[in-house]
Each structure stands twice: as C-alpha cells, then as structure tokens.
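Peer 1: Can you read through this structure? Questions will come right after.
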C-alpha cells in the first residue's frame, strides 16, 4: 500500500516526526511525542474514554501499540497513583500509543503532562492522525504487526521500517508473562483509593491468597485486600511446592500479555495440581485462558481482540448483562470446553467466551477485567464470590 497521512489537520504541511508502518506496507505520518526510537509491536485499538494512564501501564499490553479512539488524550495529566504495573521502574505495558490530539492537563492530581510521562515510561507516541480511520482499518484487516518510530528531526528510512514490520513474528507463540512477572515474592496490603484519603492499608488478615503474577494489575490486588486478604504475589515461575508450602486459602491466576499457549508450558501443570488439591482458584484474562487450557480446552488468536471499557457481557447463570472492561487478543474456544466445565459468561458483541467454572470444584475465571481501572464496576461481585469460596474451603479444612 502507499503512504497514508490520516492527519486530523488536512491543512498541515509540517514534516512528520513520527510514523506508524504496518506490515502490509501502509505508512501513517504524524507528530511524535514521548520516547524517541523505533519498536515493533502489534497495533490494537481501545475504546475507553478515560483511564489512559492505567491502560498504558497495564502489563497485558506488553508488545502492543494502543490506538485510542477517544480524540483527546492527556486532559487529566498523569500521576504516580494511577499506574497499574506492579513494578513501574521496569516500565511494563504498552510500547507505543496513538492519539488524535494530546491535551494540556487540568486536574488537581496531575504532576506531569503526557509528553513528560511518556518519555519517562519509554513509550513512543504518534499524534495528529485520524485514529478512527485507523480503527476501521484494524476492524477490516485485523490486529496489525507494525513498527512505530519517533525522530524529532523527521529522518526515517521507510523501506527499512517496512522490512522490520514484515519480519516481526507477532504475538503468536510468544511467552511475555516471563518477561513482566515479578522477580521475587511481594507482600501486598494496599486497598482501593478513597476520596480525600488516597489508598488505605489492610491491617486485618482473615485468609491468605497467593497471587501468581503473569502481569498482574494493582487494582486487582487492592480489591482482594479490601476483602481482608493477606496477599502474597509470587513470580510466574514459582514452583507448585513453594506455593503449597505457603498454605494458601486461595490461589489467584492473574492477567498478563502474550500467547496463553506459550505460557501454558509451565503454568498449566501447576494449575492442574491446584485443581486436584481443591484449593479455590480465580483467574482473570490470561489466568482465565490458562485455567481453560488446564482442563483441556483450546485458545485461539482473535481477529482484532477486545480492548475497551464498554464491552457488554451476559452472565449465563443470572441472565444479567454486565458492562465490562476488556483487554485481550486471544480467546477460549468455547466448543473445546469439556463437559465438566460450564460456560458462565459470553460477549454480547461476538458471543466469544468470557467465563467458565469447573463443576464440582471451587475454580472459576473470567476473560474480562472485573477490577476495571479503568472501567465500570458491574463485576466487582466476582471478588466476593472468590472470598465466599475461600471461607467455605477454610470451614471444610477445619472440620
């Protein structure tokens, strides 16, 4: 394909300082902000209106460039409290971002503007393009392998960038969980943010949850802490023996990036053992996919994925609809679920699987993000469900 401008300003004649080069040869020009450099990644689009800082620091976006459909990004600035990456010094999350327009901040919590923050977090950004036209392209052709490049002088070797985009192998068969996981165990006690108080600390522990970190988000941990849990976050490569020695009352399988089939090589044998031990299990996103793989189901790469804070999901048990936050490019093939696994939730956009539970076992998972951050809180009840399974497990264990 030929070079494409997709500029949001049709009269602009400025020399482009950033490019997005797709593997199909499409070249999109715009203004560069944030980090300077070149990186290969998969381009997806996110339809959330708010929460750009939380989105960009979600480790599940590792290896991806996010095209924001909402036109103005940066309005509320950035701060040190809204980061979702558990280890922000390593800057796990999206490697690139695309905005129609970046705005000056106007918010009492802001301590940096978007450009400064992007530089610090090593995220390359392309601005001044028609992001909805790019979204239409992704919807038609699917998530695209690409290169995003930023040079303040506007010097680019387009042929070389096209070659890099075409040679990048993409997210299939890529285990990114091992790249973003914690390097050592962490004790977590921070609870959700409260107006005029900030984040509070949980000092009363009623039970112990071990959270396996495949790329976990902070707000997931906060909501479990709010239930009175002592939480130990462990690296993804922690052995079954080490986890069982911690005597958990429940085990959480976290969200994370990459191809679940690649992470499954070491994760699935562990999860199978936990299922056999009847320890309560709760999985979110990648954790959901890994639980499904552990019971013999299959996962597949999606055409464009689901990324946004406005995705309707039907609870097949209650017949209620939840508006959810989603971020995944792989999905569980519901036709591959064994008979002893019940499908509990489906997407109302495309009927893809969004939840399962193992019949006769205290184990369940969802594809979407009930913790939101950003997004609606319709699905917070799932943390209470996990809590109730743990309480029942403790009662049975003490008999």
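For all residues, glycine too, the Cβ spot is worked out from N, Cα and C.
So Swiss-Prot lists the following for this protein:
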- 1-204: region 'CPSase' (REGION)
- 60, 256, 258, 286, 289, 327, 329, 330: L-glutamine binding site (BINDING)
- 285: active site, nucleophile (ACT_SITE)
- 369: active site (ACT_SITE)
- 371: active site (ACT_SITE)
Peer 1: Assuming the binding residues for L-glutamine are exactly those in the record, 60, 256, 258, 286, 289, 327, 329, 330, what is the maximum CA-CA distance in angstrom, rounded?
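Peer 2: Among the residues the record ties to L-glutamine, max Cα distance equals 13 Å.
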Peer 1: For the recorded L-glutamine site, whose residues are 60, 256, 258, 286, 289, 327, 329, 330, find every other residue on that chain with a C-beta no more than 8 angstroms from the centre of their C-beta atoms, and list them by sequence position.
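Peer 2: Here the nearby residues are 215, 255, 257, 260, 285, 328.
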Peer 1: Fill in the CA-CA distance, residue 256 (L-glutamine binding site) to residue 369 (active site), as an integer in Å.
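Peer 2: Here the two Cα atoms lie 11 Å apart.
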Peer 1: What's the most sparsely packed of the recorded positions 285, 286, counting other C-beta atoms within 10 A?
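Peer 2: Minimum Cβ neighbour count within 10 Å, taken over the recorded positions 285, 286, occurs at 285.
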Peer 1: What kind of secondary structure is residue 285 (active site, nucleophile) part of, going by DSSP in three states?
Peer 2: coil
Peer 1: So which active-site residues out of 285, 369, 371 end up within 10 angstroms of residue 60 (L-glutamine binding site), measuring C-alpha to C-alpha?
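Peer 2: Checking each Cα against residue 60 (L-glutamine binding site), the hits are 285.
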Peer 1: Around residue 329 (L-glutamine binding site), how many other CB atoms lie within 10 A of its CB?
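Peer 2: 25, counting other Cβ atoms within 10 Å of residue 329 (L-glutamine binding site).
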Peer 1: Can you give the mean pLDDT for the region 'CPSase' (1-204), rounded to a whole number?
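Peer 2: PLDDT averaged over the stretch: 93.
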Peer 1: Let's check the environment of residue 327 (L-glutamine binding site): how many other CB atoms sit within 10 Å of its CB?
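Peer 2: Around the Cβ of residue 327 (L-glutamine binding site), 28 other Cβ atoms lie within 10 Å.
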Peer 1: Write down the Cα-Cα distance for residue 369 (active site) and residue 329 (L-glutamine binding site), rounded and given in Å.
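Peer 2: Distance between the two Cα atoms comes out at 14 Å.
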